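*Asks:* Heads up, here are the entries from TrEMBL:
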- 7-116: domain 'HIT' (DOMAIN)
- 100-104: motif 'Histidine triad motif' (MOTIF)
- HIS102: active site, tele-AMP-histidine intermediate (ACT_SITE)
Amino acid sequence: MSEADCLFCKIVAGEIPAKIVHETDRTLAFRDVNPQAPTHVLVVPKEHYPDAAALAAADHGLADDVIKAAHAVAEQEGVAASGYRLVFNTGAEAGQTVFHVHGHVLGGRGLTWPPG
Ligand code: 5GP
Ligand code: ZN
């Protein structure tokens, strides 16, 4: 399942280049083009779902795979022990700009709370 005009479907298809850091049969992780922390990686399912709720509603374990892949990225980046933030911006007011679900793996510096 992919959408013709979806940026992240195009990255999954190899039509737009990205710095890929991790891949499984069902997920892809690549560096954010505008990093907000020393580690800023986006983890996506290869199938197109618009947001985290739609991914979870599909109920076939893919949401689990995305979260497991995010942790594998954090381990690979050396931030799993120190701590990292896994963010799924959902909807415009939360700052979602790409409507292909993606988890932001952020780490490598102290992250403040509450978020901006
Ligand atoms: P959102 O705002 O939807 O939660 O996150 C979208 C993220 O995608 C942003 O952090 C933005 O920097 C990143 N992004 C936008 N366009 C590209 C691109 O072409 N390549 C990569 N690697 N990241 C992108
Ligand atoms: Zn897509």
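Residue numbers in this text run from 1 along the chain shown.
Backbone N, Cα and C atoms are what each Cβ position is placed from, and that goes for glycine too.
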*Asks:* Compile a sequence-ordered list of residues in the same chain as HIS102 (active site, tele-AMP-histidine intermediate), six or more apart from it, whose Cβ lies below 8 A from its Cβ; state 'none' when nothing qualifies.
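*Replies:* Counting only residues 6 or more apart in sequence, the Cβ neighbours of HIS102 (active site, tele-AMP-histidine intermediate) under 8 Å are PHE8, LEU42, VAL43, VAL44, PHE88.
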*Asks:* How does the model score the domain 'HIT' (7-116) in terms of mean pLDDT?
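*Replies:* A mean pLDDT of 97 is what the predicted model shows over the domain 'HIT' (7-116).
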